[in-house]
Ligand SMILES: Nc1nc2c(ncn2[C@@H]2O[C@H](COP(=O)(O)OP(=O)(O)OP(=O)(O)O)[C@@H](O)[C@H]2O)c(=O)[nH]1
Ligand SMILES: O=C([O-])CC(=O)C(=O)O
Ligand SMILES: [Mn+2]
């Protein structure tokens with residue numbers, strides 16, 4: 001018997017690497033018990049019952065939302081913590097100017113201090129998981145260790161996990177294949193002393209979300225919130241995967257994937273990168289308002305894309321569930337999300353709880369006369385405070401989505417025809433425009449700007465550069481990341497790569513209202529995009545790119561005056577000239593690391609604006 005199996009006689013695995021790591025973590029964190037997750041229904045029942053018993057979960061009315069639960073977090077633990085998120089590369093330069101950095105050894109010393117005994121009085125859950133398909137050519141394995149049953153239950157919704165994943169890892173291990181897996185350690189950071197009662201949402205004032213890119217390892221401490229704690233999602237599938245993608249020549253992106261079918265039956269696949277809480281989930285599940293068009297969903301948050309042998313860019317969604325923004329979601333804006341969560345098997349965090357055992361949030365139809373707010377206080381529609389946190393979320397299985405495209409289950413993914421970049425901008429940026437080519441599209445992505453949202457702790461509504469909607473998720477130097485994008489364009493046949501577009505659903509009129517109705521009406525923009533790809537739709541060439549002529553957009557049945565439409569599409573050279581110094585300053589951050597062609601693109605934009 002090896003030392004590892006002696007320490008854990010019950011461990012249900014022969015995988016020596018996993019055993020050794022679990023033993024090491026258990027010795028450091030001192031949990032009362034170790035639970036190896038199976039991912040089966042009995043385990044779900046055991047854990048959700050336990051979460052109800054400790055008050056973390058309230059079971060929802062099974063007649064309204066079967067097998068579903070409400071949770072309210074500690075009010076300090078409601079979103080991603082960007083200022084506590086680190087890329088601990090060996091060399092500081094590799095983290096780049098957009099990431100927090102600390103020397104990896106120093107960080108490990110510091111965090112070992114925090115982790116020492118941090119699971120006392122708790123169960124340590126071991127979650128074998130795979131991001132993407134288990135049948136992928138190279139399955140992207142991970143093992144998350146966490147002391148949170150809430151995280152374990154949420155991981156079962158969001159990722160393929162459990163015994164079948166462990167068995168596959170063992171098989172490959174036994175066959176002598178060196179199959180990589182990402183160790184992902186998470187603790188809420190609240191040990192329980194003998195006799196100490198637990199709280200509904202354990203967490204710690206001190207938080208660290210840390211990535212070791214060379215080692216492909218993740219250490220997270222102090223938060224139970226999705227993006228900080230479900231480590232397969234942002235930490236692995238974006239930050240660590242973006243490093244793998246750089247090294248191996250592919251792309252890990254903060255993008256939705258959708259399938260669009262025209263009335264003639266022509267299929268196109270579109271990927272779109274919008275910053276957090278800027279409309280990916282809603283676009284991914286859109287119900288077109290134009291007759292005969294159909295949207296099916298492949299993913300709402302993350303796309304892994306590689307150039308195939310045919311020269312096209314193929315995308316898969318590595319996730320297994322949706323972790324969607326609740327406020328604003330309703331039967332008009334996103335009926336497909338509503339139908340997905342109605343089927344149950346979902347967790348709702350930081351929304352309001354109604355008296356009949358349902359959930360409610362701002363923007364949902366039929367406000368209840370009385371409810372309990374996310375803070376646990378009595379709430380009525382007359383209350384001054386919001387019933388739900390602006391970043392409250394539903395966590396629901398992707399397989400329950402009625403419009404999930406069949407190709408979701410294909411490990412090869414789908415060939416992308418168009419990439420949209422977009423953000424939240426009150427001014428300046430028109431509804432849609434097309435990049436001149438891949439390099440110009442990379443420039444648009446690299447200079448993407450958006451107002452901050454409640455998805456991260458900090459000020460909301462502040463315009464910042466959020467390159468490719470990846471600012472908080474690039475696991476290395478963003479200058480190198482831009483270069484990687486440029487290289488994908490250079491090394492491949494441009495004619496086969498997706499065309500790049502830029503959209504803005506959030507432009508405002510003088511009264512502060514949205515100029516564009518958005519949601520299902522965004523299908524009109526998707527139609528224009530595919531007609532541009534097929535060389536059918538008209539556009540005017542402007543200094544920033546190709547903008548639709550008002551006539552080229554399908555406006556049949558659209559409730560908008562021509563003047564409003566012109567305002568939504570307008571390109572004001574003065575507003576764009578004001579962007580130039582901001583872009584200049586943004587680019588200067590990257591010094592030598594910024595690809596020279598992006599400076600050339602900026603010069604080109606300036607020259608066209610001055611012409
Ligand atoms: N005005 C307007 N609001 C929109 C539109 N699409 C989405 N929203 C709102 O934007 C908010 C966030 O949208 P989501 O689709 O959940 O954002 P996301 O990009 O998936 O966000 P993350 O999960 O944080 O990455 C919600 O409150 C939506 O109701 C649109 O076309 N117009
Ligand atoms: O990470 C999260 O918790 C949710 C999310 O998709 C984002 O913030 O972009
Ligand atoms: Mn996201």
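Placement of Cβ uses the backbone N, Cα and C atoms for every residue, glycine included.
When TrEMBL records 80, 225, 226, 227, 391, 392, 393 as binding substrate, the matching candidate from 187, 276, 449 it lists for that site is 276. Cross-referencing 198, 300, 301, 310 against the Mn(2+) binding annotation in TrEMBL, which names 234, 254, picks out 301. The candidate list 239, 246, 424, 425 contains one residue that TrEMBL assigns to the GTP site with 277, 278, 279, 280, 281, 282, 393, 519, 520, 521, 522, namely 424. Highlighted in sequence order, 227, 233, 237, 238, 276, 302, 473 have their Cβ within 8 Å of the centre of the Cβ atoms of 234, 254, 301, the residues recorded for Mn(2+), and are not part of that set.
Distance from the CA of residue 225 (substrate binding site) to the CA of residue 278 (active site) is 19 Å. When the binding-site residues 226, 301, 393 are screened for a Cα within 10 A of the Cα of residue 281 (GTP binding site), the ones that qualify are 301. Under 8 Å, Cβ to Cβ, and six or more positions away along its own chain, residue 521 (GTP binding site) finds 289, 558. Among the binding-site residues 234, 301, 519, not one has its Cα within 10 Å of the Cα of residue 225 (substrate binding site).
Classification of residue 225 (substrate binding site) by DSSP places it in coil, neither helical nor stranded. Considering other CB atoms within 10 Å as the measure, the emptiest surroundings among the binding-site residues 80, 234, 254, 393 are those of 80.
For the pair formed by residue 391 (substrate binding site) and residue 277 (GTP binding site), distance between Cα atoms is given as 8 Å, rounded to the nearest Å.
Checking the binding-site residues 80, 254, 276, 277, 392, 393 against ligand 1 with a 6 Å cutoff on the Cβ atom leaves 276, 277, in sequence order.
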